[in-house]
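Enquirer: I have a structure I would like to understand better, so I am pasting it below and will then ask my questions one at a time.
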Amino acid sequence: MNNTSFVIGGCRSGKSSHALALAEKIPGKRKTFIATCIPCDNEMKKRVKNHQAERSDKWTTVEAPVNLPEAIYEAGKNSDVVLADCLTLWISNLLLDPETSDKINQYIENLINVMKKISCNLIIVSNEVGAGIVPENELARSYRDLVGFANQKVAGAADKVTWTVAGIPVKIK
Amino acid sequence: MNNTSFVIGGCRSGKSSHALALAEKIPGKRKTFIATCIPCDNEMKKRVKNHQAERSDKWTTVEAPVNLPEAIYEAGKNSDVVLADCLTLWISNLLLDPETSDKINQYIENLINVMKKISCNLIIVSNEVGAGIVPENELARSYRDLVGFANQKVAGAADKVTWTVAGIPVKIK
Amino acid sequence: MNNTSFVIGGCRSGKSSHALALAEKIPGKRKTFIATCIPCDNEMKKRVKNHQAERSDKWTTVEAPVNLPEAIYEAGKNSDVVLADCLTLWISNLLLDPETSDKINQYIENLINVMKKISCNLIIVSNEVGAGIVPENELARSYRDLVGFANQKVAGAADKVTWTVAGIPVKIK
């Protein structure tokens, strides 16, 4: 039976490592990692490289900065587990592109539908971005709202939700 | 028997919806919503409208941007449940008004006293604002300290405390 | 038997008070408080004074803004409990000093080694700084990454980990 998990935590809270550990434990050799990240600067490229180095060679990597729901659905046809990391960068990509910025709710809806349809195990990673002070920047506030909304939707649809703090996974659903 | 609950979470973590769901479950038709928000711009007005649309017609709404303790006490006389949303904006209103900015601790003390005296169910909502990077702005740092202090006091006095993450309520007291 | 605890929470989440309460409960009269803070402005001096006033007179205070691992190790020889508060300021001190900024990983490694070697009870306090919006400032982003990394390492090595929210301690390990 397939199972959907959502892993959420602050920056450097160990969420990606925990999600990867969950995925590695799932039986089967067909593992797909879906990266939402467009590595556009050196800081980001380094981060991506570090994450890649953590994964075993069973993994196929797919980049889906925009069409995450479709990428998950397609990957699900031939995978034992799909790990999508992360929701936050996906929302950021959608928000910063004028072609997608006014259709974000529809994209989130599509993701929820894919979560229900998919027949392999799925793990989605996201960031908590709303537990600091209200940002002065209006775009940052919109982004914070959208990410929070997406996190709620995905957590609501997931079978299991884990909150990570300082590398410790805490099961909350 | 009356019961006091405190619901705390990041922005868009589902705290208001969870508090509302708790309040809707409480038997009795007399439900009072106390808004601390002064909707001064369109972004805020939209947020208030969305929250109002979520509530059933059993609700009376009272605005109490400054005198929250008194408003809760008064509403408590004729309500089965009082829901105050949220502590964070109340502290912000107190801090930004020169007439109240140096009396915030007294206001918080009054709120704690009302929590002990009130004879109906009470639910108070607040934001976690201290889990991000230290703000550069001094006023933001003072605000963060005051909100954290108020959250500790109210959580300490409450019978139940719930932490919300991505729409998932986690009972922590 | 000695025991290592890690207490992490947002700003003003009650982490220092909780850590102090844990330390006060430990039998024995020899209690050492290790402060990583260099109180350089009035805001900070006030904060330090408030924290000192909370501690009973059993406490010896040691300042270790940079050499935290050594200070813990030395204090451990003659203490029943050592309380180090906090990791976040220590990382900040290491990052801002050109002599130490490129050796932070080594310092963290030393700390982990001391945690394993120490023969008295040890409590380490830290801040969650990664659950807000991504900071625009590059140094703040580096800092956030380093603190998150240190928090994961220390939590991983600790026997017990507590997450504090609004003054409520939540045991997560």
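Each Cβ is built from the backbone N, Cα and C atoms, and glycine gets one as well.
Note that TrEMBL annotation is computational and uncurated.
Pasting the feature list from TrEMBL:
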BINDING   C:GLY9, C:GLY10, C:CYS11, C:ARG12, C:SER13, C:GLY14, C:LYS15, C:SER16, C:GLU63, C:ASP85  GTP binding site
ACT_SITE  C:HIS51  active site, GMP-histidine intermediate
Enquirer: Enter the number of other CB atoms within 10 angstroms of the CB of C:GLY9 (GTP binding site).
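Expert: Excluding its own Cβ, the number within 10 Å is 29.
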Enquirer: Just name the winner among C:SER13, C:HIS51, C:GLU63 (the recorded positions) by count of other CB atoms within 10 A of its CB.
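Expert: Highest number of other Cβ atoms within 10 Å: C:SER13.
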Enquirer: If you measure from the Cα of the residue listed as 'active site, GMP-histidine intermediate', which of the binding-site residues C:CYS11, C:SER13, C:LYS15, C:GLU63 is the nearest?
Expert: C:LYS15
Enquirer: Of C:LYS15, C:HIS51, C:GLU63, listed here as recorded positions, which sit with their C-beta under 8 angstroms from a C-beta of chain B?
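Expert: Cβ contacts with chain B under 8 Å: none.
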Enquirer: I'd like the number of other C-beta atoms within 10 A of the C-beta of C:CYS11 (GTP binding site), please.
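Expert: Its Cβ has 24 other Cβ atoms within 10 Å.
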Enquirer: Would you count the other C-beta atoms found within 10 angstroms of the C-beta of C:LYS15 (GTP binding site) for me?
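Expert: That number is 25.
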